[in-house]
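Structure first, then comments.
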Amino acid sequence: MKQKCVLIITDGIGYNKNSKFNAFEAAKKPSYEKLFKEVPNSLLKTSGLAVGLPEGQMGNSEVGHMCIGSGRIIYQNLVRINKAIENKELEKNENLQKLLAKCKRVHIIGLYSDGGVHSMDTHFKAMLEICAKNGNEVFAHAITDGRDVSPKSGLNFIKDLKGFCENLGVHFATLCGRFYAMDRDKRWDRVKEYYECLLGKAYKVPNLLEYLQKSYDENVTDEFIKAAQNENYKGMREEDGIIFINFRNDRMKQLVEVLNSKDFKEFEREKIFENLLTMSVYDDKFKLPVLFEKEKIENTLAQVISKAGLSQLHTAETEKYAHVTFFFNGGKEELLENETRVLIPSPKVKTYDEKPQMSAFEVCDAVKKGIEKGEDFIVVNFANGDMVGHTGDFNAAIKAVEAVDTCLGEIIECAKKHDYAFIITSDHGNCEAMQDEKGNLLTNHTTFDVFVFVQAKGVSKIKDNMGLSNIAASVLKILDLEIPKEMNEALF
């Protein structure tokens with residue numbers, strides 16, 4: 001069976017039997033049509049317990065890529081934190097106790113929704129409660145979502161938070177959309193707006209809930225809410241404690257850097273803060289205490305390939321580069337021996353409905369070059385289905401799928417020419433459900449299964465009831481390498 005192999009991850013493209021508001025179904029996609037007819041295919045589970053999340057919880061790119069790259073189900077921080085809250089372990093956490101003892105005033109910052117991709121509203125509330133019951137003066141800084149949940153769901157979430165804060169005697173201090181507070185693309189002007197807000201230098205309002213409603217009236221939805229502060233909030237002091245409740249790292253790193261790094265040069269800062277505590281490890285370069293340390297994941301797909309002396313290429317555009325490197329490699333940043341990484345810059349547009357093809361064709365070229373060079377294994381992510389799906393623009397999402405389809409056709413042709421096997425799948429769905437039955441926009445991921453196609457010597461059928469954790473062993477089987485005991489079985 002031994003063959004070189006390309007693993008193609010078509011981010012945000014899932015299977016929805018309902019063709020209404022389904023951008024995948026509506027797209028012209030000759031490459032996919034050919035795959036369905038000619039290549040062994042099946043469906044994989046990408047949500048809930050199949051990827052280490054709570055039952056019914058939609059999957060996401062971080063979890064999906066970790067599952068694919070490690071070849072096993074890793075119980076995600078979301079599940080670990082839920083358990084720690086239930087069994088009261090969180091309030092006993094040593095790093096949390098140290099911060100609460102040291103700092104009288106404590107600020108809780110995070111995305112406030114039940115999306116479960118970056119954070120969870122229940123975690124935010126649990127932290128407010130622990131800090132308030134400890135006798136600290138507590139400030140809530142809510143970041144509105146509108147991306148992993150519907151665009152105007154923030155009103156109910158913020159109403160809930162405001163009432164919760166009032167009952168606890170906690171200050172509801174600031175409000176800001178994730179577009180500003182959670183940028184990950186080095187748009188420092190956005191982060192600066194939020195930094196100024198935390199310092200008490202933003203637009204002041206008597207009621208943050210009314211401010212949110214007013215933003216809706218002006219057609220500004222949750223993701224894009226401009227930073228505002230309660231008129232009684234006077235800003236953070238340098239001796240205050242700051243707790244970040246997002247468990248996913250990629251969209252909190254820049255904010256932590258702005259608040260804490262002594263070497264930060266992107267804009268002038270009035271204050272730097274030392275007493276920070278993060279929910280998980282945001283970046284190894286931050287020497288900060290964390291609530292939930294990383295679980296060590298050994299014998300990942302990339303490690304096994306590297307140890308065997310084979311070469312591998314990991315490529316994607318900016319938006320998904322961390323997913324095919326850091327997350328795919330089991331939460332490790334370091335480059336492995338014989339591993340090459342190619343980062344293709346994402347287009348500089350405000351939202352990707354402005355350019356639905358994104359940088360797919362450049363990513364496609366990088367893959368073809370890798371095949372022509374003879375890389376033993378290539379993993380690539382096409383971001384379009386997900387990133388354009390998040391905009392809620394149905395027509396743009398159709399164009400996104402069509403761009404991916406064109407790229408698939410080119411890669412498949414190149415793979416066949418050079419006798420490569422290929423596996424095509426997605427980390428989760430998104431663009432296959434762009435509106436609900438009432439016509440409300442759906443910008444979030446779905447819980448639908450995703451397609452998997454395997455073209456390799458000797459493969460004629462894929463087993464039933466498989467998930468993302470069965471892909472790594474499949475790649476190793478194609479490469480004729482030993483499958484480590486930590487991995488789940490192959491798809492065939």
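Just so you know, glycine gets a Cβ as well, placed from its N, Cα and C.
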Query raised in the report: Hey, Swiss-Prot has Mn(2+) 2 bound by S61, D427, H428. Any idea which of D11, D376, D393, D464 it lists too?
Result: D11
Requested in this report: Could you look at H314, H445 and say which one Swiss-Prot places alongside D386, H390 in the Mn(2+) 1 site?
Outcome: H445
Requested in this report: Have a look through R184, R187 and flag the one Swiss-Prot assigns to the substrate site that H118, R147, D148, R178, R248, N249, D250, R251, K320 belong to.
Outcome: R184
**Report entry** From binding-site residues D11, N249, R251, D427, H428, the one whose Cα lies nearest H445 (Mn(2+) 1 binding site)
**Finding:** H428
Requested in this report: Give the sequence-ordered list of residues that share a chain with R184 (substrate binding site), lie 6 or more positions from it, and have CB atoms under 8 Å from its CB.
Outcome: D250, R251, K253, Q254
Requested in this report: Give me the largest Cα to Cα distance among H118, R147, D148, R178, R184, R248, N249, D250, R251, K320, the residues the record lists as binding substrate, in Å as a whole number.
Outcome: 18
Report summary line: Simplified to three states, DSSP reports D427 (Mn(2+) 2 binding site) as coil
Report summary line: Same chain, |i - j| six or more, Cβ under 8 Å of D148 (substrate binding site); the result in sequence order is N60, S113, G115, G116, V117, H118, N444, H445
Report task. Compute the mean position of the Cβ atoms of D11, S61, D427, H428, which form the recorded Mn(2+) 2 site, and then list in sequence order the other residues of that chain whose Cβ is within 8 Å of it. Result -> I9, G12, T46, G59, N60, G64, H65, K320, H323, N381, D386, S426, N430, H445
